[in-house]
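Report on one structure; see the data block that follows.
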Amino acid sequence: MIDQQLHRARMVSSVAATVISLACGTNYVYSAWAPQFADKLNLTTTESNLIGAAGNLGMYSMGVPIGLFVDNRGPRPAVAAGALLLGLGYYPFRASYENAAGSVPLLCFFSYLTGLGGCMAFQAAVKTSALNWPHHRGTATAFPLAAFGLSAFFFSQVGSLFFPGDTSAFLTVLAAGTFALIFTGFCFLKVYPHTPAYHAVPNGGSGSDTQRLRRTSSSEDGKARGARRFPDVEPGMSTPTTYTTPATSTQAQTDAEAPGPSSPSASAQLRDQTDVESARPPPDEAPDSDVDETSSLMSKSSSLPGDVLVQSSVDMDRSHRVDIRGWRLLSNVDFWQLFTIMGILAGIGLMTINNIGHNVNALWRRFDDSVPESFLVQRQQMHVSILSIGSFGGRLLSGVGSDFLVKVVGASRAWCLVAASLVFCIAQLFALNVSNPHYLGFVSGLSGLGYGFLFGVFPSIVAETFGIHGLSQNWGFMTLSPVISGNIFNLFYGAVFDSHIIVSPDGDRSCYDGIDCYRNAYFVTLGACGLGLIVTLSTIRHQYVARLREAGKGAAED
């Protein structure tokens, strides 16, 4: 009965984590309301992109510090803080839109808060799912990860269905909806540690046998229940306990079961062991004690155990043998190659994600200048939805495809990055040639697909290349790359678009040149795609040679 209640409680907590994640990816819906917001406040395209880039900065730049906060304070405080930051971040945009006035630096600050809030709540939600289902982490974390990817689709659909063409109401939905969803999930989000205690069998036999774990007997379990636990530590927080070796674990068990009064050291050792083993998975499945990352999409960077992102999708043998992090990472050639690939491809994707709304306006004003503003808003929201669905599909395809490459073909997962580069190249070619707005869906769909391909496989590549033990730190460093490249590409797009803007006597800013409003920006990203493809192929070649050298060295040692 108790097991059933715990199972039900964990299911409720997982649903809450999914609901929370659904509110955390709203930075990607920015393009659905940014053009109207810029028009109302008479902002240039460059200024509008600065505001959007600030949201991306909040989402990507603070992954490692937030991971430390989630690890030390538990998931719930981060969720509460995320709800407040999202609500406080979006409400000023609604007020500025209503008053048709606002300071760009201040708006950038509030946009940064929305990204930071989404990052905090998302990391906490995914970590909670991972802790609640230690033996099914891949499935448990798939739901919040998928919800994050579909967040833009969800909110854009809500806006188009219930508030078509009303930008002010849509901003209200973002402010109230994100806060309400996360706060509702917060009420049901909780970590439920697995209570059965484990300990090692007596030392002897083969090395693998000595590491095998068994459940305690009822008498041992009773003693474990009687052991005093940390009274002030919330489940999911870091605790000052450590794993004991098989030899010391066996000795502690023997001393505790011996007749007569047990020694204080033996009791303390058994209590510490019980605390660790009852609250965490067995040692062979225990998460790394370092700060870990949740987001392959987003962002994500996080506090999630590294194997949550890459479970059943990583060469676990190599990922556990290799451990490159810190200063060693910065002096590693593979790191800078992957950092460059991430920066180039993610920056290309972010440029379209943040500016698809401007593409829509430019093409429709040239194609049919009589369309009302409400129609343009609906088309923007439609393309944001296409981007979101494409990203979701790309994540799924890259996961399945990378497993196929490794297990069936025997090839490197980095070939998925080649696929992402090619998809982005095709998307840029469509962007350079599609002048009919009815076919703009090819640009948004392929851009989302390439972005999903990129973030769906990259955490696994990072884990296999540098080791799973330092994935948190390494992925945190890797996600700094889109912050740099995304700003560069977005600001360049803004400069190109602004060069074609016509300012009317009443201050309205519009571009009626159609595809020429932004074509030059996509020439640059097409060249960047080619560069990314070259660097990716070079990385595959470099890793192949390194693996051969490593295999030869291992054979020589044997």
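Glycine is no exception: its Cβ is also placed from the backbone N, Cα and C atoms.
Tertiary proximity for the transmembrane segment (12-30) is limited to same-chain residues at least six positions away from its ends with a CB under 8 Å from its CB atoms, namely 52, 55-56, 58-59, 79, 82, 86, 90, 114-115, 117-119, 121-122, 124-126, 128-129, 132-133, 140, 143-145, 147-152, 154-156, 174, 177-178, 181-182, 184-192, 297-298, 353-354, 384, 387-388, 391. Residues annotated as transmembrane segment in TrEMBL: 12-30 (among others).
The transmembrane segment annotation in TrEMBL covers 77-93 (among others).
The transmembrane segment annotation in TrEMBL covers 99-122 (among others). Nonlocal intrachain contacts for the transmembrane segment (99-122), taken as residues 6+ away from its ends with a CB within less than 8 angstroms of a stretch CB, comprise 20-21, 23-27, 40-41, 43, 47, 50-52, 54-60, 62-63, 66, 69-70, 78-79, 81-86, 88-90, 92-93, 144, 148, 178, 182, 294-295, 298-302.
A Cβ distance under 8 Å defines the sequence-distant neighbours of the transmembrane segment (142-163), meaning residues of its chain 6+ beyond its ends; these are 14, 17-26, 28-29, 32, 122, 125-126, 129, 169-170, 173-174, 177, 294-298, 377-378, 381-382, 384-385, 387-389, 391-392, 395, 452. Look at TrEMBL and you will find 142-163 (among others) tagged as transmembrane segment.
Sequence annotations record features per position, and here TrEMBL assigns transmembrane segment to 169-189 (among others). Residues of the same chain lying 6 or more positions beyond the ends of the transmembrane segment (169-189) and with a Cβ under 8 Å from any Cβ of it are 12-13, 15-17, 19-20, 22-24, 26, 29, 32-33, 37, 75-76, 79-80, 82-84, 86-87, 89-91, 93-94, 97, 117-118, 121, 124-125, 128, 155, 158-159, 162-163, 377.
The annotation region 'Disordered' is assigned in TrEMBL to 200-304.
Taken from TrEMBL, the feature compositional bias 'Basic and acidic residues' covers 217-232.
Residues annotated as compositional bias 'Low complexity' in TrEMBL: 238-268 (among others).
Marked as compositional bias 'Low complexity' by TrEMBL: 295-304 (among others).
Here TrEMBL flags 335-357 (among others) as transmembrane segment. Remote same-chain residues near the transmembrane segment (335-357) are listed as 28, 30-35, 45, 49, 52-53, 56, 324, 329, 380, 383-384, 387, 417, 420-421, 424, 427-428, 431, 440, 443-444, 447-448, 450-451, 454-455, 458, 461-462, 465-466, 474, 477-479, 481-482, 484-486, 488-490, 492-493, 497, 518, 521, 525, 528-529, 531-532, 535-536, 538-539, 542 (criterion: CB distance under 8 Å, separation of at least six residues from the stretch ends).
Look at TrEMBL and you will find 382-402 (among others) tagged as transmembrane segment. Beyond its flanks by at least six residues, the transmembrane segment (382-402) meets 25, 28-29, 31-32, 145-146, 149-153, 156-157, 160, 296-297, 313, 352-353, 356-357, 359-360, 413, 416, 419-420, 423, 440-441, 444-457, 460 of its own chain at Cβ-Cβ distances under 8 Å.
Taken from TrEMBL, the feature transmembrane segment applies to 414-433 (among others).
The feature transmembrane segment is assigned by TrEMBL to 439-463 (among others).
Feature annotation from TrEMBL assigns transmembrane segment to 475-496 (among others). Sequence-distant contacts of the transmembrane segment (475-496) (same chain, six or more residues past either end, CB-CB distance under 8 Å): 44-50, 52-53, 56-57, 60-61, 63-64, 67, 291-293, 295, 299-301, 306, 309, 329, 335, 338-340, 342-344, 346-348, 350-351, 354-355, 358, 458-459, 462, 517-521, 524-525, 528.
Feature annotation from TrEMBL assigns transmembrane segment to 521-540 (among others).
Residues 334, 337-338, 340-341, 344-345, 347-348, 351, 412, 414-415, 417-418, 421-422, 424-425, 428-429, 431-432, 489, 492-493, 496-497 of the same chain lie 6 or more positions beyond the ends of the transmembrane segment (521-540) yet place their CB under 8 Å from a CB of it.
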